[in-house]
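**Q** Got a structure for you, written out below as structure tokens; questions coming shortly.
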Amino acid sequence: MGDAPSIEEAAKSGTGKTTGFVIGANAVSPGAPVSADAEAPASPPRNYSAPAFNAPDLEKQLGKRPTPLLEDETREFERYRRVSEVNWIGMAVFLCYLAALAFYLWVRITKTLDLGQFQWYGILVLVIECLGATTVILYGINLLRMPVATYHVQEDPSSPGKPFTRHPYHVRVLVPCYKEGLDILRRTVMAAYDATLPEGCERTIYLLDDGKDIKKRKWVETLGADVVYVSGRKREPGEMNGKSGNLNNVCSQLYPKGAPIPSTELLCIFDADQVASKEFFLKTLPLFDSGDDIAMVLSPQCFHNLNLHSDIFNHSNVHFWEYMQPGYDALGFISCTGTNFLVRSTAMMEVGGSPTWTLTEDFALGMELKKYGWNCRYVQEYLAIGEAPDQIRNCYQQRSRWCKGHFQILFNFEHCPLFQRRLSIFMRIMYMSGVWAYIVGALSTPTFIIIPIVTIWGGVFPIVVSQWAAIGLTVYMVATHAVLYYVRSPKHLEALWFSNIANTLMWFTYVKALYSALSSVTLGKTIQFKTTLKGAAMLMNTAVRDLWMPGLCFILLLATLILGLIKLGTSATIASPLCISIVWIVYALIPEALVMYYACVSKACLLADYELSKCRASANGVSLQYVCRICMVLSFFSAACAVGLMWGLYPKEYDLGHVLSLSSYFYNAQRAGHLPPDNGVPWRSDALLWETGPGEIDLTGGWLNGGSAGDLKMSVPTAFTTSLVAWGMLAFPAGYAAANQTYAGQQSVRWGADYLLKTLIANSTGGNVSSIVYQVGNYTIDQTYWGRPEDIPRTVSGYPTRPAFTAPASHASDLGGAIVAALAASSLVFRSTDPGYSTTLLSAAFDLYAVVTDSANHGLYGDVATFKACVGPFAKGSTGAQCIPASVQLNGSAVPLYNGTTYYDCLLWAATWMYKATGDGAYLDDATTFYVAHLYDETGSERLVFDWTSYYWASCVLLAQLTDGGTYHERSQHFMRMWVCGIDQVVAYTPRGRAYNSASGSLGSTANAAFLATTYGAYELPSNPALASRYVCWARSQIRYMLGDADQSYVVGYGRNAPTHADNRAASCPPPPQQCSAVSGLLNPQPNPNVLSGALVEGALFSDVFQDVRILNSTNVEIEFNAGFQGVLAGLSQASGTWEQCLQGYGGLGRVSTVCGNA
């Protein structure tokens, strides 16, 4: 082979055959002189003197492409004028996408990144989203314009219907091969041989065999002079691109250095498996007549062994051939695809031949041609058919080669598109778009897979799920799909979906290719060209090395899906990130499941000794195509479901400040006595202005209790409410200020404190408090009355309706302690705004504290409470006839409604607030004493209740803040842990997520626990932010339940399905002058005529089933229900973070290790 003459020598000698080559008569060297007798064309084309192959200074020429005229050439150089038109639909779609992208980015940046400690994660995902958006933009640019055919192919006058070319082109068909079988090459060569040429054109076929296969040579020798066998080239060690070397070997001999190359000389390149149609040259050659600067004519590729309905590796590449290449043609961008194209020989040699420095010589060739000012035409018609790689190993290997080649171009400073000064800025961007798509795919696809996995396993979601997020995501997804699935035929939708599937499957291949390219640059590792095996050879390849990553993703995604479904089934509430992630997992599973199924089908075909192409037509193949169609439908459906869930399950935004103002309204509506002008409740007016106590002391004012106590005024819940509202104002002043409720809160505290001061009755000498009014109003009479407070009569049947009930202060440790705490806390509220009033409150608290803490007289007020005489019908028992003695019947007293069982916790509460108000250590010592006494002498703390019956846990939280004592912190955290985690079922969760304590089952009790969690969380925040966040998030979850997360608001006048039948007499009564009675009020099925806005109802039992009926306990409203509720509203308004941040890690949705440990 080494003695073989060159191609041109063989041509000149006319021998026709050589050892290494088979030369036909038409294989004339373009540099050979033309006979003077030869008939010259009517308009001779312009020829060029081509530079020598691989001339060292070729790449450094930055000027214009040299175009010297031949001596006998007289015509002007004809330049191709590209004409394109606006694709108005494509432009509209693209502009809509840009607008949607701008809106989406605004939403993402301003509305969805408030993720607290995980904000970095959200920003990272947003950056990757932006990278993905750039690839959509680069793809969308191709939709803006469409090429217009300005050159119309003429018919040959002598052969009607046959295209005519103005110049007699000589097409040299190059078929490079290496190890492909002769059966494949035979079809390719013979199809090129049989393809019809325009009149006057010539063709020579060269089989470029780098494999030196003697069978191929012998076969070519049988074909005749127009087919040439080329072999014997010496391959350089470590050669990167064998195909380019093969092509350049023949080109360097066809067009020797310095020899002029006629512009009619064309090269046509077919891959070894590409079978040209009869019309291939008739459709392509005439396009070279449209300009002497047309360097290339491209045509798309298709494959005979491809089932378009199971093309998971996107071999059909419809989005490229049908949408990108036409756009490239209109924009003047040359994107060579390696086969089925013709290139002008002058252009090929001018750019130095086929690039050898990259695996993707086709893409590099297009860029080099563009650098030298050449143009390209695209024939949007499938004129050749090839064989796609069927085996998974070959598919991945092919895409790996493409990807590595693009990265080689990127990392080659001499050839990187960004640094090519001969290219316009726009063309540099366009030539970067290919490698950029690989980079983005290597980043975005694994991110897309990881996000739902992180959400389900770690509970961290990268965006704030909100209404804004739903709007932004919907707009952006619709716009993105409109661009990516923009089609001119509905049949293309499936192919474009396969393109997305293929990109998802190839991400790890892109990562490995990037690593290989970087290694070649930094470590000097060699990258070698690996041909894509065709025919029987490819069936022997194994796919294990390619399937391990999709397999791992499949297993991980499937395990995550199972875990997500388990969490969804066991969670107390439906978390939108969890639901969205489950659907997302289904979407992400589809590509991985398809490739696994594809591998199984391929394996089954091989075991059955089927050819894969035939197997596709068998039962297995049919099943694959239907599986693909089902998966496509499921893919679009799951994407739509994810958006739908975003809309249906996004956490609603609740205006906590507004609800806080409504709660103040509720307290105003419960006022008795002379109402101030700014009371703000139009359906309430002055009432019960004649209430007096022993010695005719003034007992007007205060709050009507509500609930079972009806319109009675009870001191126990009043003291509890006043102290808790005051604590809320002290703990969360910013929350009150943000809601503009500071003044309203102060007035509520003052209203309660003023009344409590009136309940303290001094002895006859004006000394210490001797007795305490614990009730105003006759309970027995009150239960028979349903009407407006303003209409309550003074007497009924001659008996007073509003008597005062008292208890000796010295034996009322529980009631007295609660009042002391309320007065002390209230004094702190007014210390800076009304010092005189603050002093009055603290002085009264000091005096009462001295009385109730006298160890000789400790006791429960209910044990020593005084009752009215056994007179009148309203003191009768259930038997109705006999007047039961006062010691049994209570005669109008409601002590059983508010009669506690412990008092040391009340004294502990009083001492703790006195210490906070005065700073006197003696009160702290007392608090310690009462703390120990409560634990040793009393029971009830195990009930984990904070309400008017138990102050132990609240005292622990307050003492932890005041002293930072370890014991108090441990007790406080124990309380939180039991409520948050539901340990030992002391506190359980309803199906909709409410923390329910059967010992005190009202929503008010849950709100009180949430208040303690918020208060303690605010204190713990600086030292233990994770713990504090969990407490506050749990409190948010409970308040959100009350405001509507359970599809039911439990606050009158606010939110969805709010209660309309609150058990409240004034609210249920029709407006005057209509009479109000049990019939027109209590039993009236219509909603209350007056809305008791802000009232927190008692709520449903553990089943979450709420019945909005006045006669049921579920609609009870009582002043103590709103006390902690109002405080936690202020606390959450002041607290940093959002509910969406709480959803990160499911801190508010279930057991978390930060709070619950291993419990």
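Cβ coordinates come from backbone N, Cα and C, glycine included.
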**Q** May I ask you to indicate which of 501-518, 573-590 is given in TrEMBL as transmembrane segment?
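**A** Checking TrEMBL against the ranges 501-518, 573-590, the transmembrane segment one is 573-590.
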**Q** So are the transmembrane segment (624-650) and the transmembrane segment (465-487) touching or not, going by 3+ C-beta pairs under 8 A with a sequence gap of 6 or more?
**A** yes
**Q** Mind checking which residues reach the transmembrane segment (465-487)? Cβ under 8 Å, same chain, six or more beyond either end.
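**A** Those are 89-90, 93-94, 96-97, 99-101, 103-104, 106-108, 111-112, 136, 139-140, 143, 323, 493, 496-497, 500, 576-577, 580, 639, 643, 646-647, 649-651, 653, 1140, 1143, in sequence order.
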**Q** Are there residues at least 6 beyond the ends of the transmembrane segment (435-459) whose Cβ is under 8 Å from a Cβ of it, and what are they?
**A** 125, 128-129, 131-132, 134-135, 138, 403, 406-407, 409-410, 503-504, 506-508, 510-511, 513-514, 553, 556-557, 560, 563-564, 567, 577-578, 580-582, 584-585, 588, 1143-1147
**Q** Same-chain Cβ contacts of the transmembrane segment (86-106) under 8 Å, 6 or more residues past its ends?
**A** 130, 133, 136-137, 140-141, 143-146, 472-473, 475-476, 478-480, 482-483, 486
